[in-house]
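Taken verbatim from Swiss-Prot:
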BINDING   Gly33, Gly34, His35, Asp53, Phe78, Asp97, Gln104  S-adenosyl-L-methionine binding site
Amino acid sequence: MDEYHIPVLLDEILSFLVKEKNGIYIDTTFGGGGHSLSLLNKLSNKGRVIAFDKDIDSIKNNNILDARFNLIKTNYRFIKKKIKLFNLNKVSGILADLGISSHQINSPKRGFSIRYNSILDMRMDTYNKINAQHIINNYSYNELYNLLIRFGEVKNAKNISKLILKHRKKKYIKSTFDLIKILNFFYKKKNKFLSKIFQSLRIEVNDEINALKDLLKNSLSILKPGGRIAVISYHSIEDRIVKKFLKTGNFNGIIPYDEYGNNLSPLILLEPRIIFSSKEEKKENNRSRSAILRIAEKKI
């Protein structure tokens, strides 16, 4: 099977997420379609899957031909608006497999990987105007510093930001290898350091944190009582957001209580501990190694 099509934590998703075999489920990150296809196989003839993806490559590569399935090119932050196209207001379950797909990281022209010399792009939706090249060459010192701290928790963010500004005055920074060459003074563990830099840029390019918050808020709104939401994250920055929201229904992580001390959080965590992929899956699928799954159910 092509790595593009290997779904992460599939058994766990099917076990926890599918509560109603006649229900309507949303796959907010279609990717190669592995999760969507498996959900369809789990559901009855009356069940339905609606999938979203902002990457045109994912849309073009879809090979699921099933009357119970619909695929829409859009950012998952618009989930609430888009399901109205199908005259829907509530759904039985929602799946979000966050982060970058194997297809994107392994596509040399997309600029996501430190392995390939390509244009600094990093757009998941290639119709967007802003790419990583624009950010590197146009952001101010403060803007660069803040995104490195917020989205990568990068050490030496001050010096790195200053060095980027210094080099871009001399020459426009075009490619991934241009940037890596500039940064070679800073890293001891090359892959780990550069991955954090690239992660910071990718999150900024795709507005991933704000999109995630929109997704979570809208998911809570359209999830029917007793419906479930499953979120797979790949780094601590997005996982902290997911953890707080699924536990409390807000982003400050404070559980709301009424005057009698009753917990007013709209969701219940089905598994209080983080769900990780098995040792066997980690051997077969590299992407699953950093995967963190959290699942919650909307209170009835």
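Each residue's number is its place along the chain shown, starting with 1.
The backbone N, Cα and C atoms fix where each Cβ goes, and this holds for glycine too.
Positions of Swiss-Prot features highlighted on the structure.
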{"residue": "Gly33", "record": "S-adenosyl-L-methionine binding site", "DSSP (3 states)": "coil"}
{"residue": "Asp53", "record": "S-adenosyl-L-methionine binding site", "DSSP (3 states)": "strand"}
{"residue": "Phe78", "record": "S-adenosyl-L-methionine binding site", "DSSP (3 states)": "helix"}
{"residue": "Asp97", "record": "S-adenosyl-L-methionine binding site", "DSSP (3 states)": "strand"}
{"residue": "Gln104", "record": "S-adenosyl-L-methionine binding site", "DSSP (3 states)": "helix"}
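The least crowded of the binding-site residues Asp53, Asp97, judged by other CB atoms within 10 A of its own CB, is Asp97. Between the farthest pair of Cα atoms in the S-adenosyl-L-methionine binding residues (Gly33, Gly34, His35, Asp53, Phe78, Asp97, Gln104), the distance is 22 Å. Counting other Cβ atoms within 10 Å of each Cβ, the binding-site residues Gly33, Gly34 show the lowest value at Gly34.
When the neighbouring Cβ atoms lying within 10 Å are counted for each of the binding-site residues (Phe78, Gln104), the highest count belongs to Gln104.
In sequence order, Pro7, Leu10, Ile13, Asp27, Leu95, Asp97 are the residues of the chain that are 6 or more apart from His35 (S-adenosyl-L-methionine binding site) and have a CB within less than 8 Å of its CB.
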